[in-house]
Amino acid sequence: MAFAIASALTSTLTLSTSRVQNPTQRRPHVASTSSTGGRLMRERLVVVRAGKEVSSVCEPLPPDRPLWFPGSSPPEWLDGSLPGDFGFDPLGLGSDPDTLKWFAQAELIHSRWAMLAVTGIIIPECLERLGFIENFSWYDAGSREYFADSTTLFVAQMVLMGWAEGRRWADLIKPGSVDIEPKYPHKVNPKPDVGYPGGLWFDFMMWGRGSPEPVMVLRTKEIKNGRLAMLAFLGFCFQATYTSQDPIENLMAHLADPGHCNVFSAFTSH
């Protein structure tokens, strides 16, 4: 719910350049060729580790990036700096910088929720087909009996989500104000990046701390999968409303009879 970022490349180049430009810097005595190789390996390891400690800003997409309509010209406010920017804004909704920033964060959080929702629908249905659970149906899950009554669950969810969303809102207004990563006085600390908290809890594999270009690739993959998940969830809602069936059940029926079991048959049968 809570939703990495100076340049690792710059950090690496700075460390390397400082060694070249400061020849008077004291170095440990080298006794043999093998120890020289070991020292160089240790220096390279230090450089790599130093780069991993600073999260990277996304590398903006080039001017010739793919656009939603080939041959079109993107609006000036969509300059390729946002993940998943294909120049699509026909109504000019993102012309205001503050509004564009809000839209980007709103799309990001809705994408993540949609990916969680689609996963939470598909996996239980697969488990039901494998015989691990019985009588699963995601669209009437709210009417089931749980360990507490619906009012208690609703209040608990509102309190927990309110706390997390409040912190996310504070981070949007003042980036880094709710950062939970520890700061070290003798190390280059990552700068805050709204929507990508990183750290042990949200980036334990440190994928968001590479060089800028791979970071942009990963974030673009996330937003593209999130957009697909939002469309998938709308499709699940449509299926549940018109067929009262689950997604995999609808998929199996469509594969068995594509000509008669499709989206058009849902309209003609009602």
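In case you wondered, yes, glycine gets a Cβ from its N, Cα and C as well.
Copied over from Swiss-Prot:
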- R112: chlorophyll b 2 binding site (BINDING)
- R168: chlorophyll b 4 binding site (BINDING)
- E222: chlorophyll a 3 binding site (BINDING)
- N225: chlorophyll a 4 binding site (BINDING)
- 146-164: transmembrane segment (TRANSMEM)
- 228-244: transmembrane segment (TRANSMEM)
Among R112, E222, N225, i.e. the binding-site residues, the one with its Cα nearest that of the residue listed as 'chlorophyll b 4 binding site' is R112
Quick check for the class: what is the C-alpha distance, in angstrom and rounded, between the residue listed as 'chlorophyll a 3 binding site' and the residue listed as 'chlorophyll b 2 binding site'?
8
Neighbour count, 10 Å Cβ-Cβ cut-off, for R112 (chlorophyll b 2 binding site): what number do you get?
18
Same-chain residues six or more away whose CB lies under 8 A from the CB of N225 (chlorophyll a 4 binding site)?
S111, M115
C-beta crowding around R168 (chlorophyll b 4 binding site), within 10 angstroms
18
